[in-house]
Amino acid sequence: AALGSDGVRVTMESALTARDRVGVQDFVLLENFTSEAAFIENLRRRFRENLIYTYIGPVLVSVNPYRDLQIYSRQHMERYRGVSFYEVPPHLFAVADTAYRALRTERRDQAVMISGESGAGKTEATKRLLQFYAETCPAPERGGAVRDRLLQSNPVLEAFGNAKTLRNDNSSRFGKYMDVQFDFKGAPAGGHILSYLLEKSRVVHQNHGERNFHIFYQLLEGGEEETLRRLGLERNPQSYLYLVKGQCAKVSSINDKNDWKVVRKALTVIDFTEDEVEDLLSIVASVLHLGNIHFAADEESNAQVTTENQLKYLTRLLGVEGSTLREALTHRKIIAKGEELLSPLNLEQAAYARDALAKAVYSRTFTWLVAKINRSLASKDAESPSWRSTTVLGLLDIYGFEVFQNNSFEQFCINYCNEKLQQLFIELTLKSEQEEYEAEGIAWEPVQYFNNKIICDLVEEKFKGIISILDEECLRPGEATDLTFLEKLEDTVKHHPHFLTHKLADQRTRKSLGRGEFRLLHYAGEVTYNVTGFLDKNNDLLFRNLKEAMCCSENPIMSQCFDRSELSDKKRPETVATQFKMSLLQLVEILKSKEPAYVRCIKPNDAKQPGRFDEVLIRHQVKYLGLMENLRVRRAGFAYRRKYEAFLQRYKSLCPETWPIWAGRPQDGVAVLVRHLGYKPEEYKMGRTKIFIRFPKTLFATEDALEVRRQSLATKIQATWRGFHWRQKFLRVKRSAICIQSWWRGTLGRRKAAKRKWAAQAIRRLIRGFILRHAPRCPENAFFLDHVRTSFLLNLRRQLPRNILDTSWPTPPPALREASKLLQELCRKNMVWKYCRSISPEWKQQLQQKAVASEIFKGKKDNYPQSVPRLFISTRLGADEISPKVLQALGSEPIQYAVPVVKYDRKGYKPRSRQLLLTPSAVLIVEDAKVKQRIEYANLTGISVSSLSDSLFVLHVQREDNKQKGDVVLQSDHVIETLTKTALSADRVNNININQGSITFAGGPGRDGIIDFTTGSELLVTKAKNGHLAVVAPRLNSR
């Protein structure tokens, strides 16, 4: 089944629900099929939605979008490959695939006929068909050579046969029929091309806004400098007379330089040798040089060649003698009574001869080129047995019906061709319809249609037809002109209902007909032809001496194009019209022998703009393509037909008896279905394999009912699917949960068993080790001993001392006592090290002082324990408490410590307030602003203090120092701090004496004093009756 871009199955019927927006995909389903307006409106709707393809039964109507719609990719090819014609939306690939499958399965030759006016997209359609077959057909046994040649023949034929016209930038100026031969495997095996009526007049003349054939511009724009130099050409197209008449050398949509590269490569692919390419380009260049040949009249008004340089190039490129060519261009050879006479030409005749030679050279070269391509495409296995089983698929790309402001001989031939093809088209369409009806056992109803045989006979009938009269007028002796031809027409066919001239018309019609014109009523409408040039174009004579010159050409291609047998042949060559008629009759016979498929191309506007829909222009083409006539023939019977299987598969859900499965024959199921739907007998017929529905409205009603039914079915299917989906998901989750649970239980059980096993083994080893714990280490007690050690270490880790003062330590087992002792020592050292690293310099100094105090006073001085928690401070006096005069007297000597003290006189022991200052070199006793006594550390012999809790101390000085009056008795509230700092400053730590009972000190020269210390309830310092200083101090600590 075909899938759309969104992955949904797409059929022709599925688009009917959107018919109001995008129209119907088959014009046969139009309700008002006789209305041209309804036909065009359906085209407009589809064109607006970028749907450029529509069917008329098996006929494909294509509207040129003038832009790339991205609908020719490999994905699109696969979508249409091997799918029934009506199962996918209309497309050129559907036609291509249907023809190919019929060729493969039925072994019948096929033909795809593509028609339409210039610019409608015929050439592009042909290329897309070839691309489809090249991509989708099996690879041939000879590799891709045949396929490549088939594809590469197109650029070459387009270069030599296509040109820019007012209607189309790449207009085919010749008709082309290509046979593609397929072997028994369905692979391309060869091909053959027939060309029809090349517009050779374009070589010498172009209308304004048009160009000559592409190859001239491609050669000038893309040719290498060396090539152009050899050919005597320059890049500017304006330099050549044959290229400037249209005044349109450059076209924005054409890249001649790139196209030249494509053509050059293609020539190599289709077996052109380098010599053949050079010879071919020489001929192309010679045509340009021929156009630049100029003439001047001599005294006798005879033409003479004036452009010697161009003549030299021509003689070299064409390989002819210069004198022979000069004579042939300026003289005409006449044979009278067996004698050859040379008649000089005037300027007009010489220009005619030059142009005739240019047209003959180009047209014959084109014919040779087609023959060369055919030799390249011809199967190399024609002698093999498998060649007999080949089938042929023909592609006809031919000009459509043409109606211009001025219609001449070319339009007459083209429109005659379209009459013949229309006649064939109607015959084959009616024939295929009749055959289908007979095959299905349905009575054939005769169809009324316009039989254009009467027009074909008017043109081609022997002796009475227009072509016969034209040939007769061309051949008769005497002065025959275009007007004498018109007069003879009037005499011969004046009573024909489809023929009219100025003379035969009534008064009213004569206003629209000139005296040199005749009018034919074609199947597509009236066309008025101007007879001017009919005789010349039909004769297409080339003077004998020009033929002789060309027959002597040394250019290999020219020598094949101009055969010497022409010179000896006394029979007059057939006229152009007769040749065309014979080739056309041959083409009709070829097409009749094949199964036809049709593509009708329509141009939406003349400006080549995407999205623009010109209704007047399209109505004109619909008429000239005979689309309404085709639709009428198709709708004369039944509008819709479908195989029973396909019809039942699509609509079976509309009937309870056929839904969801019909077990019987499809034909019986369809009969039950249409009865349920209420079809009336006149609305349908049952054939042998198909159902035929007469009216589109019957199908539309069925399709609308299906759309409604689909909504309910979709809801039901969604609900069922959701239930099934979630049920399946629940079951998957449940199975997964059970699986995980069982696995986890097993894992837990195994872990538990392993743990129990390990525990039992560990317990056994512990018990065995415990029993042998006192024995030397052995395998039996190693585990226990290791366990004991590990347990102790782990326990030790948890119970390590928190700080240096914490002396706790776990009791080690006997085996670890030595290790425990080492560990404890390491631990303490580590804590000490950490503690020392963590203290600040100030705190370190504090500790050092405390350590000195401890060394001096611990266990010796009663009030020492009370001083331990109190921090020593740097000084007890601020800078503002010391007299500035004292500071001035000290000069730069710093004060290390200052504390207020009480000094006792040496005689009466009267207490006096003083300040004790420590400097780096001395102890100073200060009274207010005066230094009362300075004791150098060198003269300080010792310090005495009692062991009680009093705060008196004595500074002993040398007795020999005359500056000192004696020892100093002082009292300080911070005695421990003061003595420690004094001892450290004076370096007298070992000179502090702690006495019990009394202290003797020097009171003056030759006189000593005594301080007696006793314990009491409170501190008391008085002078005793015995003249001693008595100090009573309470005991704070027992030693």
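Each Cβ is built from the backbone N, Cα and C atoms, and glycine gets one as well.
Taken from TrEMBL, the feature ATP binding site applies to G116, E117, S118, G119, A120, G121, K122, T123.
Here TrEMBL flags 23-707 as domain 'Myosin motor'.
Among the features that TrEMBL reports, domain 'TH1' is placed at 861-1035.
Here the region 'Actin-binding' (584-606) returns a mean pLDDT of 89 for the predicted model. The region 'Actin-binding' annotation in TrEMBL covers 584-606.
Cβ neighbours within 10 Å of G119 (ATP binding site), excluding its own Cβ and spanning all shown chains: 24. Counting every protein chain shown, the number of other Cβ atoms lying within 10 Å of the Cβ of G121 (ATP binding site) is 22. For the region 'Actin-binding' (584-606), the number of residues in each DSSP class (helix H, G, I; strand E, B; coil) is 9 helix, 8 strand, 6 coil. The binding-site residues in question are G116, S118, A120, K122, T123, and the one with the fewest Cβ neighbours inside 10 Å is S118. With a 10 A radius on its CB, E117 (ATP binding site) counts 23 other CB atoms from all the protein chains.
Taking the mean position of the Cβ atoms of G116, E117, S118, G119, A120, G121, K122, T123 as the ATP site, the remaining same-chain residues with a Cβ inside 8 Å of that point are N64, N168, S171, G400, C601, K603.
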